[in-house]
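Comments concern the structure below.
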Amino acid sequence: MYTFSSRLKIASIALMVIGALGIGFGFMSSHKSFQDVETMLSNETAHGGGHALETNAHVVAGDTNHTDNAHDANAHEALSSVEHKVDEHKEHVEHVQHQIANRPWSAIYVAAFFFMMIALGVLAFYALQYASQAGWSPLLLRVMEGITAYLLPGALIVLLIAALSHYIGHNNIFIWMDPEMVNPESDKFDKLIAGKQGWLNVPMFLLRGLIFIGGWSLYRYFSRKFSIAQDQADDNKNFKKNFRISAAFLVFFIYTESIMSWDWIMSVDPHWFSTLFGWYVLSGMLVCGITVIALITIYLKSKGLLPHVNDSHIHDLAKYMFGFSIFWAYLWFSQFMLIWYSNIPEEVTYFVTRIEDYNLPFFGMLILNFIFPILLLMNSEYKRIPWFVVMTGLVILGGHYIDVFNMIMPATVGDRWFIGIPEICSMLFFTGLFLFIVFTALSKAPLTQKRNPYIKESENFHY
Amino acid sequence: METSRVIHAIYTDDDVLMAAVKKVKAERYHIEEIYTPFPVHGLDKAMGLAPTRLAITAFIYGCIGLIVATLMMNFIMIEDWPQDIGGKPSFSYLENMPAFVPIMFELTVFFAAHLMVITFYLRSKIWPFKKAENPDPRTTDDHFLMEIPVTGDEKKLQDLLFETGAVEVNLVNNTH
């Protein structure tokens, strides 16, 4: 049995407190009045040289952002007529004001999604171990069960943030949640979003979200229950049940994961769509999940709590980290290259904003998520060295945080992004929450399954 | 060609063979060669063979392939004749790189795979029309053969080999 060490407990609570303070600060400092933003912008132009230049740049940015189509049309007209200059100025300021207000919402959403996706990735990997009847991994199944304990609260928080951004915020994350967007009478009316109204509407969004979370959590609940029941049983009935529900879950998962990625991530850019987006999100999810399994396994082993885990298990996890990092890069490149190559305006804007406004994070994450893992984990000796796997794992997790950041931020805050207090503190808060929930769950059951039919094979696993 | 005498010990089970190898090594005899019909897991470790460096060569070959692909396409598409083909930016290699990645990837794999295989052939001295070096045809079917050069007391060695479970121990004149 593992007992949640009091030092770790205090550390995770401290992270949550510091994070919560920073999140609160982020929300307080993002409420800027029209005048504030106007002064800020005129200060910026004073540095940048020339108001005309700034305006032009903004029109281009608005065009590529695609967050507000009606606004684009106005902006184009404004260029041709002088009397619209005032309107244009007002719109520009309001646009920037919105972006600033969106930042703490997006920061907390990115962090919440990042940790939710770790738990979900681990759950999928866990189900795979049962469905494939893997012989190496049963020793790690309890660690995975501990991590997936975060899924239910974590996923509900993600959905809650999305709902709150509509009900108490100003649709800060999902622009399509604004009812004005689909109202033909309004000057904010957006024909494209109105056309997608059948799918993208708030009640359906929330209902779908709850169905996904319900399905995942039910699997997690029953699998955990059977796993613990198997410890005391005198036959393999529970194991067989786990095998069956895992296979069924994997089918459910691959559908819901795709839809979840359209709903929770792709719809921040409601004018843009990509067919392989769901798998792209899935690959990132699996890398992060496996990395966290490796990190927590190494931590518990260093405390002497997983005596049977040997360096072959670490080696296998590191191989998965390596392989899925390459798989992620493959999907990233396939999505990017197909859109870059054909250069269709309605698709390519997605990457134009990211390359122009997010150059360093956009290409930097390729180095963190692909080049680093491929070079560091290529050598099979290195994959057996715990500290080496930990260092690479931290690089991968950092890289995938930036990946989620790149998926959300350009649509909500545009070029007003920065990794500052709201972003860092959101991450600290959710790190604390994640550690607290995961290690509490780990202390609820023995760290090794007793009567798993493959446990002996796993204990003697040697690569 | 030098002529020396070797002992061929024949086994019929890979587990017995593994135990025999450990015993013979413990008695500090030098094992010249072992012939098996299929890979025996852990035999190289028991014999104390050095690990292969084939993977390292493959990595180097892959890097060479990547460089070849890059230099080739940079010369052809950017330096030699930078045409406008469908509006793709041929001003610098980096600007048009996504279009080159599939070829860079394939050539990396091509070089790594083929040169590694050729290295393997060269190092293990295999080629078409090579005369098979097989001391006993049964070793390609279901027998395992351990070859030990005779240096001192051959009776003692023969007894040791029978003790380890050899079904047959032959003293032969080796001619290679």
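Placed from the backbone N, Cα and C atoms, the Cβ positions cover glycine too.
For A:12-30 (among others), the entry in TrEMBL reads transmembrane segment.
For A:107-128 (among others), the entry in TrEMBL reads transmembrane segment.
Feature annotation from TrEMBL assigns transmembrane segment to A:149-168 (among others).
Per TrEMBL, the feature transmembrane segment maps to A:205-222 (among others). Beyond the ends of the transmembrane segment (A:205-222), by six or more residues, the same chain brings 120, 123, 127, 148-149, 151-152, 155-156, 159, 162-163, 174, 177, 241, 245-246, 248-249, 252-253, 256, 259-260, 263-264, 267 to within a C-beta distance below 8 angstroms of the stretch.
Summarising the annotation, TrEMBL assigns transmembrane segment to A:243-265 (among others).
Annotation comment: TrEMBL describes A:277-300 (among others) as transmembrane segment.
What TrEMBL lists as transmembrane segment is A:320-340 (among others).
The transmembrane segment annotation in TrEMBL covers A:360-378 (among others).
Same-chain residues lying 6 or more positions outside the transmembrane segment (A:385-402) and placing a CB less than 8 Å from one of its CB atoms are 110-111, 114, 284, 287-288, 291-292, 294-295, 298, 301-302, 311, 314, 317-318, 321, 325, 361, 364-365, 367-369, 372-373, 376-377, 427. The transmembrane segment annotation in TrEMBL covers A:385-402 (among others).
The transmembrane segment feature in TrEMBL is assigned to A:417-442 (among others).
The transmembrane segment (A:277-300) is not in contact with the transmembrane segment (A:149-168), judged by fewer than 3 CB-CB distances under 8 Å for residue pairs 6 or more apart in sequence. Across A:149-168, A:320-340, A:417-442, the stretch most heavily in contact with the transmembrane segment (A:107-128), judged by Cβ pairs under 8 Å, is A:149-168. Long-range Cβ contacts of the transmembrane segment (A:149-168) within its own chain (Cβ-Cβ under 8 Å, at least 6 residues beyond either end) map to 105, 108-109, 112-113, 115-116, 118-120, 123, 174, 177, 202, 205-206, 209-210, 212-213, 216-217, 220, 264, 430, 433-434, 437-438, 440-441. Sequence-distant neighbours of the transmembrane segment (A:417-442) (same chain, 6+ residues past either end, Cβ-Cβ under 8 Å): 2, 4, 8-9, 11-23, 25-27, 30, 103-104, 107-108, 110-112, 114-115, 118-119, 142-143, 145-147, 149-150, 153-154, 296, 300, 357-358, 401, 405, 409-410.
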